[in-house]
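Following: one structure in structure tokens, then a few remarks.
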Amino acid sequence: MKKEQVLIEALPYIREFYDSIMVIKIGGSIMTNHEILENFIQDIILLKYIGIHPVVVHGGGPEISETMKRLGKKAEFVAGLRVTDRETLEIARMVLLGNINAELVSLIGKHGGKGIGLSGKDGMLIVARKKPPMNVNGENVDLGYVGEVEEINPEILMITAGKGYIPVISPIAIDRDGNSLNVNADTVAGAVAVALRAKKLISITDVEGVREDPDDPGRVISQFSPSEFQRLVERGIIKGGMIPKVEACVRAVERGVEKAHIIDGRIPHAIILELLTDAGIGTMISNIT
């Protein structure tokens, strides 16, 4: 496609999405590839330049696990959620805030944008409560310092985005007593999207989307509605770490976000392809057919 055709194709989408908020969650597995990360940063800066307000939420699971391994600590997961004792919480805080968040903000600046790093503790952005024990095979398992979102206070996001900044959020929350809690980044992204009344929630991951057959990357479900989610879980199509990712998208759509997308960040400039071209990639979750 010629360059001018690309621009003409993008025009109606730019018009449709102008001045709207897009919450974009980037997974830790994607951030380990520097070239992919650079493409992601370029995409969100382009969105900002054309009048769209991107709000970034990042994970960091692989880097947290790698740091734990170097420190001789084993990572444990239950239903895709990290079991978090106090030592694990401190490691997560160090990796998420000190490493990943700082790097993303730095890269945004390198490419001509204005990033601002935030955790859920800033301005009481993410207020959470401790997640109750989970029933696993008839046994209650305490996840430790793992939180579930109780409240999002989006004022700090609206102020910074309105002044030309791209907010970059780490999923470390605060409870009513001032304690830190580790919250699943997908859950945070979904809750932030609802609180901001975002036009879209976009989850950038390292798979093609929701696969019809989990073992066949060539067969991707292009679209489904929230009402189909439980059936897909029961059939084993959505499982493991994909469950909280897809569930966050489903809950966001149920609570007012127009559309949620799970797209493959390994594709160069995946966000632009999804938002500003007719092609579309990955899986869309929506009540709109």
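Using N, Cα and C of the backbone, Cβ positions are placed for all residues, glycine too.
Lifted from Swiss-Prot, the feature list:
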SITE      Lys25  site 'Transition state stabilizer'
BINDING   Gly60, Gly61, Arg82, Asn182  substrate binding site
SITE      Lys245  site 'Transition state stabilizer'
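Here the features listed in Swiss-Prot are painted onto the structure.
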residue: Lys25; record: site 'Transition state stabilizer'; contacts (Cβ under 8 Å, 6+ apart): Val56, Val57, His58, Gly59, Ala185, Asp186, Val188, Ala189, Leu201, Ile202, Ser203, Ile204
residue: Gly60; record: substrate binding site; contacts (Cβ under 8 Å, 6+ apart): Gly28, Met31, Ala92, Val95, Leu96, Asn99, Ile100, Ser170, Ala185
residue: Gly61; record: substrate binding site; contacts (Cβ under 8 Å, 6+ apart): Gly27, Gly28, Ser29, Arg82
residue: Asn182; record: substrate binding site; contacts (Cβ under 8 Å, 6+ apart): Arg82, Thr84, Thr88, Leu89, Ala92, Tyr145, Val146, Gly147, Pro171, Ile172, Ala173
residue: Lys245; record: site 'Transition state stabilizer'; contacts (Cβ under 8 Å, 6+ apart): Gly80, Asp186, Ser203, Thr205, Ile262
Diameter of the substrate binding set by C-alpha atoms, the set being Gly60, Gly61, Arg82, Asn182, in angstrom: 11
Local Cβ density at Arg82 (substrate binding site) - other Cβ atoms counted within 10 Å: 21
Where Lys25 (site 'Transition state stabilizer') falls in three-state DSSP terms: strand
Gly61 (substrate binding site): secondary structure state under DSSP, collapsed to three categories: helix
Chain-mates of Gly60, Gly61, Arg82, Asn182 with C-beta within 8 Å of site centroid, substrate: Gly28, Gly59, Ile64, Ser65, Thr84, Ala92, Leu96, Pro171, Asn184, Ala185
